[in-house]
Amino acid sequence: MENKEHAFTTVISIGVLPHVCINKQLLQQQVAAVVPQDPALLIGSTLTATCSVSSDLGLHASQLFWTLNGRRLPSATYSVVGPTALAVTLPRLSGSRQPSGDNLVCHSGGGHVLAGSCLYVGMPPEKPVNLTCWSRNTKDLTCKWVPGGQGETFIRTKYTLKYRLRWYGREKECEPRGTAEPYSCYIHRDLALFTPYEIWVEASNQLGSATSDVITLDILDVVTTDPPADVRVSRVGELDDQLTVRWSSPPALKDFLFQAKYQIRYRLEDSTDWKVVDDVGNETSCRLAGLRPDTVYFVQVRCNPVGIFGSRKTGIWSEWSNPTAASTPRSERLLSASCDPKSGELNAALRRELKQFFGWVREHAAGCGGVSIKLYDQWRVWLQKSHKTRNQVLQGDKL
């Protein structure tokens with residue numbers, strides 16, 4: 001009897017089965033069979049599978065046993081349904097441990113594999129949500145979405161991005177790329193401008209399918225671009241609380257008719273909190289005021305290409321440029337000291353007298369304003385020169 005078993009079965013180690021669903025071609029044909037074959041089941045279902053072996057093997061059902069993903073199932077779950085047929089019942093099934101399916105395998109008493117079935121236990125996909133798309137420089141289209149519900153179906157689920165021209169186009173599918181992020185697709189050619197597209201996502205697996213809402217968009221309405229190039233940050237003469245930021249427009253959009261919006265953000269070297277300047281407009285330079293003297297700042301710029309070819313939609317912000325660092329000058333006031341009480345009183349009186357005025361100046365010079373900042377600059381230069389002159393006189397008197 002043992003010789004017949006070796007003659008009709010393929011020797012496969014149990015330990016190699018859990019990682020890949022069993023390959024039916026490895027098994028001897030017409031020797032044994034498991035039914036049902038490769039069923040798709042909802043989580044929580046109960047499955048009864050039967051292994052029937054050929055009488056030529058000379059094996060009785062009591063000599064057989066079952067494994068699930070390489071682990072032997074308890075004999076209490078077995079039932080003999082015939083001299084050469086053994087059933088196993090699996091109650092309240094959990095989700096498959098691997099997307100390719102779980103291995104339910106029937107073995108002979110010696111551990112040899114006789115037959116097997118892949119179990120696909122999971123959930124049907126839910127409706128994909130949050131479908132958004134953007135075009136980089138009008139040359140392509142990238143779309144992302146979020147799986148519906150909790151996103152986990154436990155079995156392999158296919159997501160397909162489909163699109164068509166709204167009025168007359170035929171339906172097309174986005175071809176997934178191996179390097180793409182999950183739940184995204186990249187269309188890199190054959191896109192039309194000035195014509196709206198309808199775009200949606202279909203999700204499907206062995207237990208069902210679902211379709212997202214259809215979004216309609218024109219490529220020109222969802223354009224983003226590269227971050228501004230050649231960002232430079234420099235000091236403003238000897239002014240210790242200001243820096244000038246300059247940059248170049250994104251080169252990829254140089255031939256397009258549009259009006260860019262820019263944003264700047266900056267932070268202290270030892271801080272993670274960014275301060276954003278929103279009122280830059282279409283300028284390619286900005287004066288940052290109200291900074292700390294003798295301090296390193298990191299600055300970034302980003303671009304929003306608004307109104308490309310007359311589009312009325314707000315564009316999409318680019319990524320931030322790489323951080324550029326610069327430091328403000330050291331304050332002359334911080335370097336000087338005086339024991340003359342009259343000088344101190346004069347300085348205090350001057351600060352009090354000008355406090356309201358410079359509060360107004362700072363309020364109107366915030367961000368990148370260019371009207372009152374000139375008056376502010378003139379006063380700061382005059383003040384610093386006054387400090388230097390006074391310090392030189394005091395040092396001369398001491399000598």
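A Cβ is built for glycine as well, from the same backbone N, Cα and C atoms used for every other residue.
Unlike curated entries, TrEMBL annotations are predicted automatically.
The domain 'Fibronectin type-III' annotation in TrEMBL covers 127-222, 227-331.
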Three-state composition of the domain 'Fibronectin type-III' (127-222), taking helix and strand from DSSP | 4 helix, 44 strand, 48 coil
Counts of helix, strand and coil residues, the domain 'Fibronectin type-III' (227-331), according to DSSP = 6 helix, 45 strand, 54 coil
